[in-house]
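A.B. asks: The structure is given below, and queries will be raised subsequently.
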């Protein structure tokens, strides 16, 4: 009997219906963030957008996204002009939340990823639309004839959300080697291609930043886009190297009296409180932005060497993925939501063979489980858990059937790590979501967050190490 697969239209209908059902769901502070940005772009002239600070939710996205908010504000006028008043702080109610969700659902892709499901359709952001642009750019890079459009589309994406700068080194090296230099010799420059790419990127940047540059506001925009005054770790530790570093620091605080270690009293509450700009370590040395930048740059440069030597599309996607890994694992003040920078490009090559799938599997589990704390109200618990677990089961079963055998030897230990890691995730989810509250009530509230973050960090780091091996041995 032939297998039956749903059509794209059927998936779109189901996805759209599900997103409409989520209109009354939990409303995060991001609702007020985007309402305030609508109000700023509608109420003030262009020159004041990046200076206005009536609300703590100041505009800190690049100009193209600010222009998008202005367009959305013109629609919001028809719904309720009161929501466009800057002083109407915390204005969003259920009806306005529904109208914003409806507009946002129409603007994003129909991907059924639990990550986008949690971040965009409940927590409320616009990642789906921008990841759709990223995927289009990555796909366009596959053909020489559309390589220019890939670079220009990515440049436009950078002007919408600056987090994609993390992936820019891979784009720079690939476009340089595959488009600007001759395939026969790196010492021969294709000048016409350089002119077309440079002019296109210049036009995009000029459109985005030109009006602000005329007023001398570029430094102010950069201050908003790159606020290094914030701490190393976000309020909830992103599952990266610094989460593991923070966990070790917490353990050493307990062991310090026995080991004779000195403890900085002023830092004892810093990591557990997770306040912005408040990250300090009690036993281990503090980490500076320079250290984060240096580590990120080093671990991004390593895969770029192979990409420059062998500028194939598979190597390009691998380098984009590894640039995402490096920035997520070693970056300063990384948000847990940034894990999608790794998951989404990696998914394009996860089925290349079983070695790729073996590296992707723990990332898929860790990345999606790490997003659970974003939805902390009881009403969303069954939704996020059942949907994510169901998606992961389908993914593990379907991808396992579809991934072809590798022509190279697989790594026994890594395969066992992947299986064990996925198995442990089930009791961890149960404890952090239900068990802790039953046993401890409202005491030790930081423990489930710490366990989730640290466990997820092990999966992400393990996946990164595994994929580095796969990338350089393929």
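Start at 1 and count along the chain as shown; that gives each residue its number.
Just so it is clear, glycine is given a Cβ too, placed from its N, Cα and C backbone atoms.
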A.B. asks: Do the topological domain labels in Swiss-Prot for residue 62 and residue 471 match, putting them on the same side of the membrane?
C.D. replies: yes
A.B. asks: Swiss-Prot tags one of 131-151, 194-214 as transmembrane segment - which one?
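C.D. replies: That would be 194-214, per the transmembrane segment entry in Swiss-Prot.
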A.B. asks: Let me check one thing: do the transmembrane segment (329-349) and the transmembrane segment (420-440) come into contact, meaning three or more Cβ pairs under 8 Å with sequence separation of at least 6?
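C.D. replies: Taking Cβ pairs at least 6 residues apart, the transmembrane segment (420-440) and the transmembrane segment (329-349) are not in contact, as fewer than 3 fall under 8 Å.
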A.B. asks: Applying the under-8 angstroms CB criterion, which one of 291-311, 356-376, 450-470 scores highest with the transmembrane segment (156-176)?
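C.D. replies: Maximum Cβ contact count belongs to 291-311.
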A.B. asks: Which stretch, 291-311, 356-376, 379-399, 420-440, 450-470, tops the Cβ pairs under 8 Å count with the transmembrane segment (235-255)?
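C.D. replies: Top-ranked stretch among 291-311, 356-376, 379-399, 420-440, 450-470: 450-470.
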A.B. asks: At a Cβ cut-off of 8 Å, and with pairs 6 or more apart in sequence only, do we get at least 3 pairs between the transmembrane segment (379-399) and the transmembrane segment (420-440), yes or no?
C.D. replies: yes
A.B. asks: Kindly state the mean pLDDT of the topological domain 'Lumenal' (441-449) in the predicted structure.
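C.D. replies: PLDDT averaged over the stretch: 79.
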